[in-house]
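Below is one structure, written out as structure tokens, with a few remarks after it.
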């Protein structure tokens with residue numbers, strides 16, 4: 001597969017992942033599927049916008065750049081080899097790095113939140129974090145320490161786990177595009193197939 005075709009494939013995969021990341025982060029603002037009257041009762045990590053910024057917005061731009069490579073024919077700008085493919089592939093590499101950093105941010109925020117557990121109303125009548133060092137992950141009986149919002153533990157655990165997986169996949173895809181983009185920049189893309197009268201690598 002040509003490096004441009006590979007980039008387009010990666011871009012098409014990143015778009016739905018970014019959308020799912022956005023949705024997962026938005027749902028975290030409704031712990032247990034309920035509206036919270038006091039925003040301070042939400043877990044701190046929800047406000048870090050890992051899914052909205054990291055896996056969402058910062059991933060949309062690289063994905064669009066990767067998909068935009070389909071507008072560059074493999075001869076550059078209609079036979080002008082000086083503009084087009086190599087520069088486009090180099091630019092996609094820079095955006096892939098941005099995407100990797102965004103996905104990494106979302107991945108780290110999600111991992112920290114999963115280990116920390118959700119903020120909830122505890123038996124002592126205060127709001128806080130009843131779990132320590134991910135102990136609730138091994139002992140589901142501890143989940144009862146969170147009295148409100150109801151089902152906040154599985155809610156946060158599920159959504160942050162989704163963000164963790166999405167962030168991990170996005171990091172891998174962006175890393176692949178960094179390598180792919182460098183290959184496209186240094187070695188050129190596919191052989192031209194008669195487009196604009198050209199016949200050779202760009």
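Each residue, glycine too, has its Cβ placed from N, Cα and C.
For the residues 124, 156, the entry in Swiss-Prot flags N-linked glycosylation site at a single position: 156. Relative to the membrane, residue 9 and residue 91 are recorded by Swiss-Prot on the same side. Looking at 10-30, 73-93, the stretch flagged in Swiss-Prot as transmembrane segment turns out to be 10-30. Ranking 10-30, 94-114, 159-179 by CB pairs under 8 A with the transmembrane segment (49-69) puts 10-30 at the top. Residue counts of the topological domain 'Extracellular' (31-48) by helix, strand and coil are 11 helix, 0 strand, 7 coil (DSSP-based). Around residue 156 (N-linked glycosylation site), a 10 Å sphere centred on its CB holds 27 further CB atoms from the protein chains shown.
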